[in-house]
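> Quick one: the structure is below, and I'll ask about it shortly.
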Amino acid sequence: METTTTSTAATTITTTVNNGGLHSIEVNPRHHIINRAFALIYLFAILVLFYNHIIKLLNSTNSFITFSISFSILISDLILAFMWTTIQSFRMRPLTRQQYPEKITKNFSNEINNFPPLDIFICTADPYKEPPLNVVNTALSVMAYDYNPIEKISIYVSDDGGSELTLFAFMEAAKFAVYWLPFCRENKIIQRCPDAYFNSNYTQNFETEKIKLMYENMKTRIEEVIERGKVDEDYINNEEELQAFTKYWTTGFSRHNHPSIIQVLLESGKDKDITSHGMPNLIYISREKNKSSPHHFKAGALNALLRVSGIMTNAPIILTLDCDMYSNDPSTPQRALCYFLDPTLRPNLAYVQFPQTFHGLNEADIYASEIKGLFFSNPIGMDGLNGPTYVGTGCFFRRRAFFGTPSSFEQPEIPELFPDHVVNKPVKAQEILRRAHYVASCNYESESNWGAKMGFRYGSLVEDYYTGYRLQCEGWKSVFCNPKRPAFLGDIPISLYDVVSQNKRWSVGLLEVAFSKYSPLTFGVQSMGLVMAHCYAHYAFWPIWSIPLTIYAFIPQLTLLNGVTIFPKVSDPCIFLYVFLFLGAYGQDCLVFMSNEGTFKRWWSDQRMWMIRGLTSFLFGTIEYLTKHLGISTQGFNVTSKVVDNDQGKRYHQGTFEFGVVSPMFVILATTSIINLVAFLKSLAQIFKGDQNLDGIFIQMFIAGFVVINCLPIYEAMILRSDKGRMPTRVTIFSTFLACTLYMAFAFLLGNM
């Protein structure tokens with residue numbers, strides 16, 4: 001290792017370069033000191049706050065209502081304090097990394113053909129919510145990687161919907177790929193996702209227009225088949241394609257009941273592009289499904305891919321990708337290899353995680369889709385500990401990590417699945433295909449360790465978070481790789497309902513981990529230490545934000561409407577404690593957000609969406625988790641729609657919130673906005689009339705006013721808008737009725753104090 005220290009008047013940075021010169025680490029000790037000093041001061045303020053809470057509780061025992069209000073505020077502040085302490089774990093030792101992929105070729109010029117084979121997993125589940133054309137673009141972008149030789153790449157597409165439409169789309173993609181790959185290679189194209197390239201300022205010439213015409217023809221054929229809902233014979237070009245469809249899609253076939261489907265669309269070593277260069281493997285898979293066997297959602301699909309790929313190619317490195325997350329940099333695999341080829345990291349390195357980055361965000365990112373904490377600032381903090389969590393896409397794994405701990409190997413059922421097994425037969429060999437179908441069957445995992453000690457882990461809807469957590473509990477490490485040019489770019493939901501529904505599903509999955517025997521607060525602390533476990537606890541307990549946010553959204557305002565004060569007066573010195581706690585937490589969050597190339601507008605959207613998620617996703621996710629464990633039927637897993645409606649797209653890019661559907665989650669939002677607005681305006685009117693003294697109600701008014709400012713898009717959707725994305729009238733009416741009911745209920749309770 002080579003270590004250098006750079007000092008300026010403002011800061012001191014320590015840079016460590018690994019022996020091979022493939023990557024370096026930068027640490028800023030001064031930032032660590034500042035973060036820890038602030039955490040100690042803020043923690044002291046929290047302790048003073050709880051002291052005041054206890055004194056107030058002891059003085060309010062004469063009234064059950066007063067005691068209940070004080071106790072609910074105490075519980076809220078306890079949860080806020082717990083979540084604040086967990087997030088400080090990310091700020092104890094942040095570090096940044098730099099890779100030098102150009103040195104791979106130079107340093108390993110004699111071993112270039114010994115680069116490890118790479119298996120790429122792309123998962124899709126519904127051709128109507130996840131358009132096959134988008135999945136095709138993702139696949140084409142990684143098929144065109146600068147990887148030498150390209151024949152060492154194998155792309156596996158898992159279609160959990162078992163749709164002939166998706167298979168047809170990839171048959172078309174295989175034909176287009178023989179032109180697209182040499183075009184990218186010979187012209188040194190950086191943007192290798194066809195759709196993204198042709199929507200950019202590309203160089204227009206005869207060759208480019210020819211390729212674009214091919215792409216448009218492919219796109220038209222795929223979209224026409226999707227519109228028809230079936231693959232008619234006039235779209236099938238040869239007997240081999242016809243047999244693929246007639247063999248599997250027979251009477252009785254459904255997405256929940258069908259045999260395993262494995263179709264090799266391109267075979268490396270055999271298929272060539274138009275310049276006679278080799279092609280990567282392209283393999284379509286739909287695992288067997290029946291209603292009597294559990295399928296474990298996406299984790300089950302990934303494990304089926306892990307086994308099928310083990311039989312067919314068994315590459316030591318695996319890349320997992322969401323179907324809408326295309327490659328934005330053809331050198332990305334080399335960046336990952338900068339870590340996998342480092343012998344000092346190799347024994348315990350399980351995965352290299354790239355951040356999720358999105359294209360098409362509007363200026364303010366109104367739905368906070370960047371989620372900078374989850375995808376940027378928190379992984380930087382975890383990287384200084386044991387490494388970032390797995391976020392489900394853009395992650396390169398070492399296959400060995402799925403089979404036991406770094407020091408203890410968990411043997412799979414058959415020797416062909418051992419991570420060091422060498423496949424010496426072509427992917428189309430009958431023996432290979434027979435075994436691949438066998439390991440993709442429903443019953444293969446019965447009474448096995450798959451999902452428990454091997455592969456992607458079962459037990460949570462958030463299989464990515466849970467798998468990364470369990471791997472790190474077993475002693476594996478990870479690395480966060482955040483290059484200047486985003487490695488991957490993905491789509492975002494552009495309606496609020498899709499956003500909060502997706503977050504609700506995450507909430508259920510996170511609580512499944514939080515209250516399991518593998519809880520980060522118990523099992524995690526024992527396995528990985530207090531600080532790292534608190535990082536994972538922060539995510540696992542995300543949904544409990546709903547408790548303080550719901551309480552602070554209603555109780556201060558309803559008591560304010562009824563003339564009851566519950567916080568210190570402005571003249572009380574304790575007011576400075578509340579000011580410090582509010583400004584300290586919000587100020588630190590804003591600084592961290594903007595230090596990761598954020599803007600104030602987007603930070604404001606981020607904190608607003610935190611409140612919205614608290615009252616919708618987190619609250620209803622918590623309710624769904626509880627009902628599920630009480631044995632009450634729940635909605636289960638839903639795929640987030642990636643289909644973009646033109647009108648929705650226009651409203652999104654104008655920065656307008658999209659409601660449009662009747663949902664209980666929107667009822668809570670509308671009710672909150674009404675109660676806070678009425679409480680704020682009534683108190684303001686009373687102050688101007690002289691009927692009320694600001695000194696006693698300032699904090700309650702501030703909270704109500706702050707919520708009102710954050711609710712401006714909701715008021716606009718309820719009153720001013722007439723488009724399809726407005727708040728449904730039924731939601732507005734019912735929310736008004738509910739707000740009135742809550743007001744009268746509190747008036748009755750507070751009147752009997």
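Every residue gets a Cβ built from N, Cα and C, even glycine.
Unlike curated entries, TrEMBL annotations are predicted automatically.
Since the structure is predicted, the reported quantities are computational estimates derived from the model, not experimental observations.
Below are the features I grabbed from TrEMBL:
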type	residues	note
TRANSMEM	33-52	transmembrane segment
TRANSMEM	64-87	transmembrane segment
TRANSMEM	536-555	transmembrane segment
TRANSMEM	575-594	transmembrane segment
TRANSMEM	659-685	transmembrane segment
TRANSMEM	697-719	transmembrane segment
TRANSMEM	731-750	transmembrane segment
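How buried are the listed features, and what sits near them?
For the transmembrane segment (33-52), the list of distant contacts is 74, 77-78, 81, 84-85, 88, 91-92, 568, 574, 577-578, 580-581, 584-585, 588: same-chain residues at least six beyond its ends, Cβ to Cβ under 8 Å.
Among residues of the same chain six or more beyond the transmembrane segment (64-87), those with a C-beta under 8 A of the stretch's C-beta atoms are 42-43, 46, 49-50, 53, 56-57, 373, 378, 534-535, 537-538, 541, 544-545, 547-548, 551-552, 555, 559, 566, 585, 749-750, 752-753.
Sequence-distant contacts of the transmembrane segment (659-685) (same chain, at least 6 residues past either end, Cβ-Cβ under 8 Å): 495-497, 500, 504, 553-554, 557-558, 560-561, 612, 615-617, 619-620, 692, 697, 700-701, 704-705, 707-708, 711, 714-715, 717-718, 724-728, 730-732, 734-736, 738-739, 742-743.
Same-chain residues lying 6 or more positions outside the transmembrane segment (731-750) and placing a CB less than 8 Å from one of its CB atoms are 65, 554, 558-559, 561-562, 564, 659, 662-663, 666-667, 670-671, 674-675, 678, 718.
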